[in-house]
Amino acid sequence: MKSTLMTASVLILVLLSIVDYASVYAEFIDSEISLERQWINACFNVCMKISSDKKYCKYLCGKN
């Protein structure tokens, strides 16, 4: 009985650490995507001020 309880406790701790890692990783991916969007928008805005060629700026900055 005691070993079953210990095994269950260890399993719960492992599962909780996996869930915690997954949520932190998801936040990291989300913030990385947000930073990429901010960079693309900034690049596009600066390019438009310089060249005013929308098609070229979209190509240069990778904006879809």
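Backbone N, Cα and C atoms are what each Cβ position is placed from, and that goes for glycine too.
Features of the protein shown, as given by Swiss-Prot:
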- Cys43-Cys61: disulfide bond (DISULFID)
- Cys47-Cys57: disulfide bond (DISULFID)
- 1-26: signal peptide (SIGNAL)
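Around Cys61 (disulfide bond), taking its Cβ as the centre, 17 other Cβ atoms fall within 10 Å, counting all chains. Cys57 (disulfide bond) is surrounded by 19 other CB atoms, counting those within 10 A of its CB over all protein chains shown.
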